[in-house]
């Protein structure tokens, strides 16, 4: 029986290590693993070389509704849903797999900072779980996008089908510099 407990602890520490490497904040680590806070802080310092950042997690569904953040959040959530249907894993494991796939698709050869960090991806799943955010299909392209639940009954056009002018400016600026 003790062997099982040691293996469980190793499994939890491995999850914590993967989460730290992917950029998780302490609140995510404490919520998703059974490792003590003291050990998590030590692990964080060993892996990152600095103490974990202090402060509260972002708490606003509005962040996920801005055009660029919405596209990235929706892409991540669609990957997550696909993995959730095909894999029989713990939700945190599915989150990590989906986040890695998101990074592969959006940043294959780049060292840029991702639009959607792991902590925000985790927060998105929590918002969806408590009903603050839902998924809806675009009426033009039929792609699945995240949106605030209170507007779910209204017709919806995604920012890929109808990009805001600032998105077009950003795209022309980045394509002109390449």
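Cβ from N, Cα, C; glycine included.
Taking Cβ-Cβ distances under 8 Å and a sequence gap of 6 or more within the same chain, the neighbours of residue 158 (Zn(2+) binding site) are 70, 71, 74, 138, 140, 141, 143, 145. DSSP assigns residue 158 (Zn(2+) binding site) to coil in the three-state reduction, placing it in neither a helix nor a strand. The Zn(2+) binding site feature in Swiss-Prot is assigned to 138, 141, 158, 161.
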Message: I need the neighbours of the Zn(2+) site defined by 138, 141, 158, 161. Which other residues of that chain put their C-beta within 8 angstroms of the C-beta centroid, in sequence order?
response: 139, 140, 142, 143, 145, 156, 157, 159, 160, 162
Task: Look at the binding-site residues 138, 141, 161 and tell me which residue has the greatest number of other C-beta atoms within 10 angstroms of its C-beta.
output: 138
